[in-house]
Amino acid sequence: GQPKAAPSVTLFPPSSEELQANKATLVCLVSDFNPGAVTVAWKADGSPVKVGVETTKPSKQSNNKYAASSYLSLTPEQWKSHRSYSCRVTHEGSTVEKTVAPAECS
């Protein structure tokens, strides 16, 4: 079996182009983990977000580790009306959480 590998998590805020087009998508990129099972949870200001979430199935990378992405679709109003959004990834019992704050990149 492969050695266990904890995921590296990157959270991308909506781009300014996207906001100008009246859309806002947050992307949580989870990569280089093994075994290939992760749970992704989203939070807005610490409250769970269930609507507009889409998580891909983990796929095997060329290095035999796994990668997955989770997308959170918002309106620009929703994005701006919260202080922070977090993507929380649970893998093999350990949790990684990344947060973005709308105020920093408006």
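Glycine is no exception: its Cβ is also placed from the backbone N, Cα and C atoms.
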Regarding the disulphide bond with Cys28, report which of Cys87, Cys105 Swiss-Prot records as its partner. Cys87
Could you tell me how many residues in the domain 'Ig-like' (7-101) are helical, how many are strand and how many are coil under DSSP? 10 helix, 53 strand, 32 coil
Cβ neighbours within the same chain of Cys87 (disulfide bond) - under 8 Å, at least six residues apart: Val9, Leu11, Leu26, Cys28, Val40, Ala41, Trp42, Ser70, Leu72, Glu97, Lys98, Thr99
Confidence over the domain 'Ig-like' (7-101), expressed as mean pLDDT on the 0 to 100 scale, is 97
